[in-house]
């Protein structure tokens, strides 16, 4: 993982936000290559899920035909939205504070191991990455027991890595930044929404929140979309946009950030068909990731147990990826596909529903009134053919664009061997990104900067630039230019050499196979287009 992080900074995929001032934890900036990768990822999602969907044909596995439309909602919404959605009361993580270091940690994210010395057993916790965890636990354990290096074998470190929430007690826990045991407080709830203030006065009535998810903007616009676009159930509304969560301990590169981008669909269907649609979207979303290059061996589909379900969920399945910073055998969430039932639309009609009731009813305050009053608007749907009126059920495929980009970067990072310009095999680093996701689709090189080669190369570059993001490079040995493009994930490199001036052909080199083929100059654009089309 360290090698990938280093490459991402060195080649301009990702930078720590505000790095010249020491950075801000949980915030990341996308560099020139990273912004293209992420844009390509979002474009692929939007095309495959929304704009490219054919509503006249029923896709394989779908119960029927359906429509898809898009939406772009504001980051700041009426505060009542978050009260009725349940986020105001229920959107929290459990945190612990260290009385000694005064630092705060997320209870279920801090890992560690039990260590034992002369019959005394303690739990040493750490924030180190998984690759360094055992060494860091051993180092801190030796320091706690005041052991010298020559006595290192007297300390036993258990192999099993655990998070704090798996322990019966924290009394014998050495906190990540503490020197003594038992300094952690009992876990308590911490609301993850960022507060902000509207207007100049800044009173309590002016307090609102940065959205923690894009979904609620879709729900409160449900009636607007139905009335304006004439869509009929079943249909979906897609949205891509920024969300914000005040994570207690952001970590693992961009995996857990405080500002992130979501790609979400809220799919509205008849309650009687909701389970069929849930299965359809679960399977379709899994297939999307493998089609773009994530291996089946690195992905799992995990159904949530009842006790894991969010307050709004009837059922949820997570698509999870084996990120390299996680312990072997563990997976991190890429996307959740949730069966939200009618929770959201009813909550925004009637008021916040109580998930503890079955069937769910509006949660009341001590005076017997709705705790958080809904809009009072009728968000039920009337079928103009059957005249049936009902509150639609919702299936929500919710993907993180940043986590997906990170997964594709992890999957793409490869070290193999390739010949240099002298034919000697050398280790190369290559990002084997799917051509649809690659930041640069092709690079154009003149072999040397003379004899008319730059002019031909520039003409090819200009023709390709009308269709794709391409790169022109005339500096250095051609082997080093290949290596630079391999690290950028560029699938095709086009070289203009001495023969190009006589036979009017160029060499196209494939990033993954290293195969080089001669193609007529006039056919270069169509050849690249053909190869790009074959990858879709």
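Any Cβ shown, glycine's included, is placed from N, Cα and C.
Residues annotated as substrate binding site in Swiss-Prot, with sequence analysis given as evidence: 106, 213, 260, 261, 262, 263, 264, 396, 397, 398, 399, 400. Residues annotated as ATP binding site in Swiss-Prot, with sequence analysis given as evidence: 245-247, 255-260, 333-334, 400-403. Annotated region 'Insert' per Swiss-Prot: 56-67, 350-372, in sequence order.
Secondary structure at residue 245 (ATP binding site), taken from DSSP and collapsed to helix, strand or coil, is coil. Other C-beta atoms found within 10 angstroms of the C-beta of residue 397 (substrate binding site) number 25, with every protein chain shown included. Looking at the residues that bind substrate per the record, 106, 213, 260, 261, 262, 263, 264, 396, 397, 398, 399, 400, the two CA atoms farthest apart are separated by 27 Å. Classification of residue 258 (ATP binding site) by DSSP places it in coil, neither helical nor stranded. Closest to residue 401 (ATP binding site) by Cα-Cα distance, out of the binding-site residues 106, 260, 262, 264, is 262. Note: the region 'Insert' (56-67) comprises 0 helix, 1 strand, 11 coil (DSSP; helix = H, G, I, strand = E, B).
The subset of binding-site residues (245, 247, 256, 258, 334) lying with their Cα within 10 Å of the Cα of residue 399 (substrate binding site) consists of 334, given in sequence order. Per-site Cβ counts within 10 Å over the binding-site residues 334, 399, 401 peak at 399. Predicted-model confidence for the region 'Insert' (56-67) is 97, expressed as mean pLDDT. On the backbone, the CA of residue 397 (substrate binding site) and the CA of residue 247 (ATP binding site) stand 22 Å apart. Comparing the Cα of residue 247 (ATP binding site) with the Cα of every entry in 106, 260, 264, these being the binding-site residues, the smallest distance points to 106. If you draw a 10 Å sphere around the CB of residue 245 (ATP binding site), it holds 22 other CB atoms from the protein chains shown. Here the binding-site residues are 106, 256, 258, 403, and the one ringed by the most other CB atoms within 10 angstroms is 403. Reduced to three states, the DSSP call for residue 401 (ATP binding site) is helix. With every protein chain in view, the residue among the binding-site residues 247, 264 whose Cβ has the most Cβ partners within 10 Å turns out to be 264. Taking the Cα atom of each, residue 258 (ATP binding site) and residue 106 (substrate binding site) are about 14 angstrom apart.
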